[in-house]
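Asks: Shown below is the structure under consideration.
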């Protein structure tokens, strides 16, 4: 919805007190509309802000004309300051990130036995059916009238 517009598009990303807000102006009216507003975002310190115009299979240009970055000074309690220093991975409250699933429990002995048993029964069944089909085919190939 921002491609091939006759005017510039703008984006504001704001992160204040664990709240990530993204505002957009894509209509060229200089009016901000909400795009994303997420509470409980924990970002670690020491990361850098970066941009990319890689578009995959699209062949048109995406130019980033300018970036304005500001560091806001926000009053924090000593407890908030300590919590912010303990964040090592980006995380959002009440949201699972991909790849952060709990490990699967190992199978019980009974489940493993049943899987192996029924696999062997199916294998024997397939071999018997194969032998029957092969014998029928051999019998049919011998009955030629010349």
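Backbone N, Cα and C define each Cβ position, glycine as well.
TrEMBL entries are annotated by machine, without manual review.
Just lifted these from TrEMBL, have a look:
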DOMAIN    1-72  domain 'L-type lectin-like'
TRANSMEM  110-134  transmembrane segment
Asks: Across the domain 'L-type lectin-like' (1-72), what are the DSSP residue counts per state (helix, strand, coil)?
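Replies: So the domain 'L-type lectin-like' (1-72) is made up of 0 helix, 23 strand, 49 coil.
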Asks: Same chain only, please: residues at least 6 beyond the ends of the transmembrane segment (110-134) with a C-beta under 8 Å from a C-beta of the stretch. Say none if there are none.
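Replies: For the transmembrane segment (110-134), there are no sequence-distant neighbours (Cβ-Cβ under 8 Å, at least 6 residues beyond its ends): none.
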Asks: Taking all residues of the domain 'L-type lectin-like' (1-72) together, what is their mean pLDDT?
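Replies: That stretch averages a pLDDT of 80.
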